[in-house]
Amino acid sequence: MSDIEKRKLTSIAPLFGCSCKLPETELETLLEDINISYSPEILCPGDDAAVIKINDDLAIIKTTDFFTPIVDDPYIQGKIAACNATNDVYAMGATEIVGVLALLGIPRELPLENARMMLKGFQDFCNSIGTSIVGGHTIINPWPFIGGAVTAISSPDKIVYHSGAQPGDVLLLTKPLGIQPAMASTRLSSEYSSIIQSTLDSDIVANAVNLAIECMTTSNLNAAKAINEVGANALTDVTGFGLYGHGLNIARKSNVSLNIDLIPIISGTLELSALFEHGLEEGKSAETAGGLLMSVSEENLDEIIHSLNKYNVPAYEIGTVKEKGNEHVVIDNPEILEISSLSVKFES
Ligand SMILES: Nc1ncnc2c1ncn2[C@@H]1O[C@H](COP(=O)(O)OP(=O)(O)OP(=O)(O)O)[C@@H](O)[C@H]1O
Ligand SMILES: [Mg+2]
């Protein structure tokens, strides 16, 4: 057995899941320097996915995402990668994916069986949301990575942009936060292990990891279906830039301020975040395949919550949209809501 075969998937790269994204400020500098010119058919440069208007009835949505492993099980890693890559389509309010190209990077020494299981998890997840791998690209690379390039279609008028949040709107989030600290607890040195054991019950840590994996393998498709039925003013998904960073994208594009006064977290992750200094209570902790953050009018609020719950999607009311103030995103001493299950009580 080679050295790498004996190592865990997450031990081959030093960054995990969406936390390997280039920081947002550096990405902005990079893209500014290139000065890309977008033609008028590109409806929303800088949003979660590119939307290309073909005619009044048809837009094509294209997006790509890939990252390093966040779990050691290659099959689950494949599912998480497919969930994360396809979620940017749902973050535009679109629901109809027509195909996914699978992108794979594998270290020379990694047994092909590991790569095969990642791809199998990827394909099974795509099937579970009604689509399939239609091709891909595979390279030899020192760090393993997996992801997808996704194509979807939609009516242009169903697309929901970052830019539509209005003062008076309510902010809803569909998954709890805390993926980064929950998963960091699975990769601990013995020094950290003993600190955690003295701080948190081992069952709480195990449940946090299980719920984090459930979050990362639960598609935002159902949430997008609900939004498609009722409508939302602005929409994004919460990934590597955390709630703060993705909220900032909506606030800037909409020229408003977001006041966030409640942060739903995976139970136990506040203590883990404090230990690893991830900044969860400030919305700064990186999420992977996180939930949808939407801005909805007060008058649509009950209907959208009802519709989300009907599709078995939780809806946490985390704050409100204000006229633009000194800061685009205000998260000041928020209430912390500990979540230990994604299941929804639905009353029709
Ligand atoms: N190399 C690149 N060339 C051109 N545009 C890019 C490049 N990298 C990122 N972008 C654009 O920058 C914006 C932010 O990219 P990013 O992948 O972080 O999207 P996101 O939706 O905010 O995050 P996530 O994909 O994790 O959900 C997107 O509009 C994306 O198309
Ligand atoms: Mg996104």
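Every residue gets a Cβ built from N, Cα and C, even glycine.
The record from TrEMBL ties ASP88, ASP237 to Mg(2+), and of the options ASP33, ASP47, ASP48, ASP124 it ties ASP48 to that site too. Together with LYS21, PRO45, GLY46, ASP47, ASP88, GLY136, HIS137, THR138, TrEMBL lists one candidate of ASP65, ASP157, ASP169 for binding ATP, that being ASP65. For CYS18 (active site), the number of other Cβ atoms no farther than 10 Å from its own Cβ, over all displayed protein chains, is 25. Proximity to ligand 1 at the level of Cβ atoms, with a cut-off under 6 angstroms, picks out GLY46, ASP237 from the binding-site residues GLY46, GLY136, THR138, ASP237. Residues LYS21, PRO45, GLY46, ASP47, ASP65, ASP88, GLY136, HIS137, THR138, recorded as binding ATP, reach a greatest CA to CA spacing of 28 Å.
The two recorded residues, THR138 (ATP binding site) and CYS18 (active site), have Cα atoms 20 Å apart.
Listed in sequence order, ALA81, ASN84, ALA85, ASP88, GLY147, GLY148 are the same-chain residues at least 6 apart in sequence whose CB falls under 8 Å from the CB of ASP65 (ATP binding site).
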